[in-house]
């Protein structure tokens, strides 16, 4: 029955409204001026530390002058400078006298009650006090007349619209074929309906106020914060929406003062190779004002502020530590979050919006962060809005105002102290010990809120009813009145804007536009970003050095390949090849500037650093084009040095002419080409949104650039439909210039005169450009005849290259500035077609789903009791959890110690930890940050892969066996799942492989359905996991992670690592209460817990609490209302816990958690000597004794199904292969990307080399067309490896430790699934390339052989990619190695340098290159028995002796077996001799023979088999043995000998004759 429209309660005291009205009037009418506001507001909040109140008292009463402490010689210069600034403050007229020893007593600042030299002002000292420092610094700024902007924000009728549906359908490989049958979707109808995200918000936030934003995930908190800062990016505000900042419209404010309102996103984006100090000093320098206290230098000012923020947020110890990311080792996740917070704080913005910035922080650190915000607001007048999950009461009390959101609707806005009363008067019940923030959020959750008795039919239920109630309330009327006063005080006019402009202009550097939002000029921005680029290079110098070394190695290889090239006509092709290689390698080495994979590890990768640049542009640190220009400037010297070394090697080693003038021209063109191609790749990366887009375009572009350089396809043989590419190809102009530069003015001895016995004018050289009767050929004539090149074009080409360079640099800078924002869209679920639940609604009525309003005495809401017999209790969703199998095993651990070695020094992470987990108990594992909670969990779950673990870990008194890991469930903190699978499929996969084979599949799937009901996942059981924002949300992913482990039916216990991390309080409550019910039904559970509220904490039975260093603080029962736990701490000297205080936060506080936390008591030592600790050891003895007796009674064969895995090898292979096939099928972007790459590349090659004639150049072009097909190899490999890594990450992080299936199954499944798609790709490439190139005249036998070779080549590519990536950590590293190996394979395949021209020491490479046999088989099949018809410029034309015919004159040559053919045998002049007569003769020069076609085909399959075996071997040696903790023998031996080699080399260099230790026993230890 629908409820009546809710009305505000009447007849009750309305004191809250009177207080609110009084407060509003006081704030608006008696508000102090900005200057007074800075110095008169005092920290009156109850949660502020007592020291702040004492400091304020000290300020009011004044204090006596004292002798100043001497500054430490180690103090940083900027701190001494700041101190000297403070010493000149005239806040008190008195000056202390001079002491007897001549030292002057400095003036004391009575404003903050500190003296110069006091360590409370030194951020490098532990005594540093941020509150005193902030008041002192603000006072100094005031005395110097330095202004800073202060502004509030008012929003009226704020409505934000987005596009997107609540549900989408998953695309598959066949989706493009089905699209024509869905015309509605094809035309876009209904695909992106307009969606209201925020509905008609109103509010005013005065300067210096803190606003807490509360709401469940998806309620619009992030959108609200973005709207306040004007960073909607794709979302739209309604025209009626008004947002202004003290009278300045948002449009004007964001245009001129962008950095004055900043938004801190939930995710962190930083350059991982920068240190914390460099990151924060950069932020401080970018926002350093032009006018600083008493002329402090920019460097001193920015460094000091960075140090202050590092001290405030507990980062001082990380100054020289890399920030890091998921791939680069650096600071911890919590510290990285604090770096983001400090970066925002250094922006100096008067309006800051923080989106869940306390995520990943423990409660003590979160409280410290909030206190710092409060100080910034009180002292600096900063207006701050913070969306926060799981806020403690102490955090809530710091805020001034709160806004509550419910499904995008505003249901409250006002002072924090009246919010709870507002909802209680509405009719909602707040349970004891529930924090106010949790209560306010819980009223928006139908499953959690509790109605007071008598209010069941009066309280609002839906979001619309809550909103209606709010708009009719007296609080809303007062708010609207306050907004009217705000607008009257700050009308929309230019007055306040001019004040903001004036203050902003005071902070701007010289030569900065007055209306620019930036504080520093463009040259200063470029300089700052350039310095940062070099810092990043230095931070990742190993990668930079490795890249440069690989380039130099390639130069050595290519140069040596053409070493000692003859200076004859036989060297023409080699000269063209080496110049082609040189210009190509120089030009394409910059392609790495695209492939950063969004990791920001490369300082020159635009796409990788885009999220960081977008953030910094929004903070008004710098223009995007300034960062782009800085990347160019920083890169030029590095490219110059690399180009110099590279080109010196390849030029002089490759046999090019040793002329200074020609070398410098060569170097000039190659260097300009490097810069031009770099500009092109940068532009391509900046113009695209994603890395795959950029790489796809780059692949096609590179193919076009290579083919139309002029070497692989000569200009005269280019077809008109693609010849235009030649004229826009920068490499083509460089190639022409280098080739004519090399041969200009030179004559080359003829190597093949026709006939060799000719004299006078009766012979000719068989090369283009030859003149009859001359034994040498002009280089200029050769290039003009062969390529239509001219030396006169050389400087013209330089001008064209410089034009290309300038054009693409300009476009790059423009695109970098314009192509920054990314569209925002609403979150949605993704379903497979035909599997959308019938009752699914985009925004369903949760009230109906919850079954009405809960009552205070509702059993579903009361904390569950710890009774193992409650088998029929219901989970939150109403379904039973009685399907949990009964458990009797007890897991114990005693004196567990974990030691690792870091940089050669031992470090103890866990120190003698003991405990146990019984069936039916829920045990919490807590501790301060860095205490080793996850480390202990990994150690107990047998998931560590390094270090030494000692101690006893037993199950029923027995040591752990090989089945332990598959009998336990481990819910990891990271929700790792395959993005293409559905929820039900993920659960079934776990059940299939981890439940014993004795259980039928039907029973397994029935149990999966029970798990789905237990976790209330029915509504999204057929939803695809997807990615965040496009798939399951955070809570749903966490439920799936738990469900996957439950589906395995863990027989022993369930481990959980931070199951509530990143969730809101209501979602956390759901998870923990579900764990409680699992424990009540007999499941043993051990869980680390993050920021638990008092109510959550009460759900646990026992607690294991750790201090830093992995030392035990407490292990034992928690007790009712935490009495047992609190009694222990209070008995041993801790202050009593307050009645309303959260016990979890209480414990963290007393042990000294948080950045500035300290404890006077050594709690681990107290525990070690306590009676409770001795009782733990006695209980462990008793458990072990009892279980040992039980074991003896049951014998030693309790294990019914021993073994590492639950299912046999064949079952594993079937399940895993099926899942990988599903993943590929449901990833059409990957499959179609692969197929389109092959199709477009093959068609482009085919029509570029369309039906080449039978001339010598035509045959060479046909061979090049086959060669160009092999260049697809690298792009294919780069596509395959990331897919392999995705599967491997999931396997190694979650599925292998759980013993779901074998690593051999993982490898075989991935190899098998790639093969069908590679076969299809081979068929497509065969049809697209060989028909356009050779026509349909080839016999069916030859066409079949070509098809077989194409299929084989693509299968080889997939197995090669898997071999390379198998043992390497990431796709980037493997990609670099694969590219190098591919370069060697194509270099030595006999096409670019004939095998007989290879130096002797490189000939073996021609034989081991797999491409040799692929090219050989394809070329032999295509060109066998093809007649050669020389073009006019290829003929040797000469006159026979007088009276002789051409046939008579050449009879001796023909009898000697010459391969050529005479075209006019009876002529007596102008004999035309073609050096070749058949394609087999042409191929013979490359040692390609028709008779070897099947041999080559067999060798190709041998390489494929080798790749498969090498994949297995490398994975085992590098990753399996490493993960098992056993030493890798081969790597150890290599490392040992390398280390001894280094010792011997050092001895040789220093002149000490030390013998290299080679004792057998030393090496034997390794084996």
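Any Cβ shown, glycine's included, is placed from N, Cα and C.
Residue annotated by Swiss-Prot as N-linked glycosylation site (from the set 548, 912): 912. Cross-referencing 1110-1140, 1141-1171, 1172-1202 with Swiss-Prot places the feature region 'Disordered' at 1172-1202. Residues 571-591 are the range that Swiss-Prot records as transmembrane segment, among 466-486, 487-507, 508-528, 571-591. Counting in whole angstrom, residue 157 (N-linked glycosylation site) lies 48 from residue 931 (ATP binding site) by their C-alpha atoms.
Here the C-alpha separation of residue 934 (ATP binding site) and residue 1253 (N-linked glycosylation site) works out to 69 Å. Long-range Cβ proximity for residue 895 (N-linked glycosylation site), meaning a same-chain Cβ under 8 A and a gap of 6 or more residues, is found for 912, 913, 914, 950, 951, 952.
Taking the C-alpha positions, the distance from residue 149 (N-linked glycosylation site) to residue 930 (ATP binding site) comes to 39 Å. Of all the glycosylation sites in the record (356, 819, 1253), the one with the smallest CA separation from residue 931 (ATP binding site) is 356.
Remark: of the recorded positions 149, 356, 929, 934, the most isolated position is 934 (fewest other Cβ atoms within 10 Å of its Cβ). For the pair residue 927 (ATP binding site) and residue 356 (N-linked glycosylation site), the C-alpha distance works out to 22 angstrom. The sparsest Cβ neighbourhood within 10 Å, among the listed binding-site residues (927, 930, 932), is found at 930. Taking the mean position of the Cβ atoms of 927, 928, 929, 930, 931, 932, 933, 934 as the ATP site, the remaining same-chain residues with a Cβ inside 8 Å of that point are 935, 1106, 1108, 1110.
Relative to the transmembrane segment (691-711), the listed stretch 1257-1277 leads the set 661-681, 1257-1277, 1305-1325, 1345-1365 in CB pairs under 8 A. Across the residues of the domain 'ABC transporter 2' (891-1134), the predicted structure has a mean pLDDT of 87. Look at residue 931 (ATP binding site): DSSP puts it in coil.
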